[in-house]
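First comes the structure, then the notes that go with it.
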Amino acid sequence: QWKLPRGGARGLLWAVGPELTRKIFWFDLLYSLKYLFIPLYFVVALIACTGNLLLLFIICRNKKRHNTTNFLISNLALVDLVMCVFCIPATAFYAFERRGWIFGQHMCIFVAVMQSAAVYAAVLSLTAIAVDRYIVVAYPIRRRAGCQFCWGLVILIWLFSLALSTPTALHTVHLDLRAAGLHTVICEEFWDGKEQGRIIYSCFILFFSYFIPLAAVSISYCAISYQLRQGTKCPELRSVRAAWSRRRKKTFCLLLISVLCFALSWLPLQVVNLIRDLDTDFVIIGKKHVNIVQVSSHLLAMSSACYNPFIYASLHKKFLSCLCRHFLSMRRRHLGFRSKHKYETKVQNSSFYFMIFTSFV
């Protein structure tokens, strides 16, 4: 928590420097588009929550789908739910609330860390899926990993993601500017003059978010192709080669489309953040439009939470049939309960009327 330095309002603005003060001006144009962006944020959150909850429900209910790949896909759905619950509402409210951040200092740091950790967890999950696909083809007779290993892998992914988010936690500042007469509270990253460190960290995020998962998918695909070409030398791989020729498009389409959707969704926000770190004079993005560009790119990044359920459903027809089957069984149980309840009510009423009749007789 920052304290008001000597010099009052001017001293405070001088202490935080242009890095933070530039963030609290030029909001009029953004506020005029409030009723456009808020419904879009709501639609994104609704679709993402519904789709990912259904995806988790189907994978958890169907024991045949309890393998490493689906475990990692479930982790992707969990990442998307984390963004929907913690990041989308708080960030949208902060962007269009004139009072600024109203959720307190601890939530300020928590939301920033969770958004950063969600990006890393998604990248690591996509990379792990690519590696798992290679292991399945390269070692077809090896026993698949059990649930205990999958749980350990998911926990390790989240711990590593939180560790990578440490710089965000250390440099996120909750700053009350009401004492300076600005009537707003800021929740932003502030590197306290360490601009070089901030630029290095932004470049690291950009590299880690795109080059690593795309490289993992490319290397995995090349390695699988090489293994299958060697299939004639290994009797165990002959049957796998035939099965792979039927399934490779579907499997790698799922992985490749997921990686591309994630990368393209987050690319504008990461580029805008990097530009804002480098262009402190607002030459590339003007002062008047910087907040609109920031919110638009953030909305596009949050929309990445919507895609995986649709990708999974379109490439796995059994997903839709399994979903319909579950809902039909639930409906039958509900209708059966209602009919049973009506029958029991009729029996109770009949016995009640019979008792009244016999008492009069």
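Placement of Cβ uses the backbone N, Cα and C atoms for every residue, glycine included.
Just so you know, TrEMBL annotations never went through curation; they're auto-generated.
Annotated in TrEMBL:
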| type | residues | note |
| --- | --- | --- |
| DOMAIN | 51-312 | domain 'G-protein coupled receptors family 1 profile' |
| TRANSMEM | 35-59 | transmembrane segment |
| TRANSMEM | 71-96 | transmembrane segment |
| TRANSMEM | 102-129 | transmembrane segment |
| TRANSMEM | 149-170 | transmembrane segment |
| TRANSMEM | 199-224 | transmembrane segment |
| TRANSMEM | 251-269 | transmembrane segment |
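Residues of the same chain lying 6 or more positions beyond the ends of the transmembrane segment (102-129) and with a Cβ under 8 Å from any Cβ of it are 1, 69, 72-73, 75-76, 79, 82-83, 86-87, 90-91, 93, 153, 157-158, 160-162, 164-165, 168-169, 172, 174, 185, 187, 189, 205, 208-209, 212-213, 216-217, 255, 258-259, 262, 266, 304. Note on the transmembrane segment (251-269): residues 76, 119, 122-123, 126, 129-130, 133, 209-210, 213-214, 217, 221, 294, 296-298, 300-301, 303-304, 307-308, 311-312, 315-316 of its chain, located 6 or more positions outside it, place their CB under 8 angstroms from a CB of the stretch.
35-59 is the stretch from 35-59, 149-170, 199-224 with the greatest number of Cβ pairs below 8 Å to the transmembrane segment (71-96). Sequence-remote contacts of a segment are chain residues at least 6 beyond its ends whose Cβ falls under 8 Å from one of its Cβ atoms, and for the transmembrane segment (149-170) they are 68, 71-72, 75, 109, 112-113, 116-121, 124-125, 128, 189, 197, 201, 208. Tertiary neighbourhood of the transmembrane segment (199-224): same-chain residues 116, 119-120, 123, 126-127, 130-131, 133-134, 137-138, 164, 167, 244, 248, 252, 255-256, 259, 262-263, 266-267, 270-271, 273-274, 277-278, selected by CB-CB distance under 8 Å and a gap of 6+ residues from either end.
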